[in-house]
Amino acid sequence: MSKYKLFLLRHGEGAWNKENRFCSWVDQKLSEDGLKEAQDCGRLLKEQGYKFDLVFTSILSRSIQTAWLVLEAMGQEWVPVVKSWRLNERHYGSLIGLNRAEMALQHGEEKVKLWRRSYDITPPPIEESHPYFLEIYNDRRYTTCDVPKENLPRAESLKEVLDRLLPYWDSTVVPEIRKGRTVLISAHGNSCRALLKHLEGISDEGIASVTLPTGIPVLLELDENLKPVKPRQLLGDQAKIQAAIKKVEDQGKAKQST
Amino acid sequence: MAAYKLVLIRHGESCWNQENRFCGWFDADLSDTGEHEAKRGGQALKDAGYEFDICYTSVLKRAIRTLWFVLDSIDQMWLPVHRTWRLNERHYGGLTGLNKAETAAIHGEAQVKIWRRSFDIPPPSMDDGHDFYQSISKDRRYADLTEDQLPSCESLKDTIARALPFWNEEIVPQIKEGKRVLIAAHGNSLRGIVKHLEGMSEEAIMELNLPTGIPIVYELDKNLKPLGPMQFLGDEETVKKAMEAVAAQGKAKK
């Protein structure tokens, strides 16, 4: 018997998604398509009559923008929005900003595959010489985290994402769910995947093949122990969902030559 | 030497402002003009290099969306935002939804002026037969309010009486901790803060029209007393025009 409803949402396209670059902690805003994905998602949730009590986002603008557009479409702008770095996208270390071809060139296809598919292998850390280092670490938002700036990650495996996400989930999100609040988590591909792994008990090997489409709300119905009572549901028109899944999978396929 | 800086912004034109209707707690959205005003206000803050640590707004979308446009402009979308009914616009009770010109024609300019501009005379109550009773009084966002807290109408005095506790208990401690505060709200809830900050009389606050979509800056000493009059960010003409426009409302159309 489902007691609680939890919604996860992976934000839509940012400028770098088009170029297949790892955006990670670089604070890109949504592209026009990404804005539209968020609005469509909001319209769908409104049509289906969902009412949120609380929204959690990361401190990256694209997840916040997504949450705002969803709430706007639903006429629920008044719903509290709580932000935390612990929902940020996975930190891709020195791979940030590189596209697939550049990565394969610099590190070799096998290494790249390993970093992307493995659960606990961390990519090389971002160095001060990296073109995006200052843009990230000089940003004032990283002085407001519950961890001193110097202790924030310089690179993460998916496991490390869950390691910094889980305490937040337990201390801050779970109590709200237990109060019966309908929660939306508007976040990123890997922070959503890490949470799904935890909630659904997916194995370290199994999580590699789980990808969430962008802009499609994921409904989890949970029992009083916060265990899912049924498989996750991707909400909306089936054709649209299939197209969104295909889009993400195509991006993941190795491209030939340039 | 200012110990603290506080920025207030009154939301821009709503769809109901456009129609000259008493809006109050009705959750009207910004008109295109209102969106433009919010973006312009955000740009003024961006040009002046403002940074904030915490934001406050009401539970009405015209204020919240104004804040969102501003945060987007100044690239600080990640800031914590606290929403509270206590910063809502004044509740116009039974007048909610009525066109201001029509109301003036029915009740006379003088009565309308009294309702809009007096300090402690409330408009008629919004009773359960009112068009907007369900959508306002029974809205989910007010589910946690006690019977005493949920208004059916408000004078300016009532509005201020429920806004100031939030100012004193929530906002002031943050300012005193050195947090740079941005408040995006409504004409009358902001008048409450301004009256309090400047120690204005009831007559004086009734005469004050805060411009819309224009950041209002206060420099405060360590006791939160303003060091000078409020300053507006934006070009002189924009500011002048906006103040004149608000004063023109409420006059019956011929």
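Backbone N, Cα and C atoms are what each Cβ position is placed from, and that goes for glycine too.
Annotated active site, tele-phosphohistidine intermediate per TrEMBL: A:His11, in sequence order. Positions annotated as active site, proton donor/acceptor by TrEMBL: A:Glu89. Look at TrEMBL and you will find A:10-17, A:Arg62, A:89-92, A:116-117, A:189-190 tagged as substrate binding site. According to TrEMBL, the site 'Transition state stabilizer' annotation covers A:His188.
Known features from TrEMBL, placed on the structure.
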residue  : record                             : DSSP class
A:Arg10  : substrate binding site             : strand
A:Trp16  : substrate binding site             : helix
A:Glu89  : active site, proton donor/acceptor : coil
A:His188 : site 'Transition state stabilizer' : coil
Practice prompt. Please list residues from the chain of A:Glu13 (substrate binding site) whose Cβ is under 8 angstroms from its Cβ, counting only those at least six apart in sequence.
Written response: A:Leu30, A:Ser31, A:Asp33, A:Gly34, A:Glu37, A:Thr214
Response to the item:
Integer Å value for the Cα distance linking the residue listed as 'active site, proton donor/acceptor' with A:His11 (active site, tele-phosphohistidine intermediate) is 11
Worksheet entry | List of residues, in chain order, with Cβ under 8 A from that of A:Trp16 (substrate binding site) and at least 6 apart | A:Phe22, A:Cys23, A:Val26, A:Gln28, A:Gly97
Worksheet item: Other than its own, how many Cβ atoms are within 10 Å of the Cβ belonging to A:Arg10 (substrate binding site)?
Response: 28
Worksheet item: Counting only other Cβ atoms and using a 10 Å cut-off, which of the recorded positions A:His11, A:His188 scores lowest?
Response: A:His188
Practice prompt. Quick one: pull the CA-CA distance for A:His188 (site 'Transition state stabilizer') versus A:Arg10 (substrate binding site), whole Å only.
Written response: 5
Worksheet item: Counting other Cβ atoms within 10 Å of each Cβ, which of the recorded positions A:Glu89, A:Tyr92, A:Gly189 scores lowest?
Response: A:Gly189
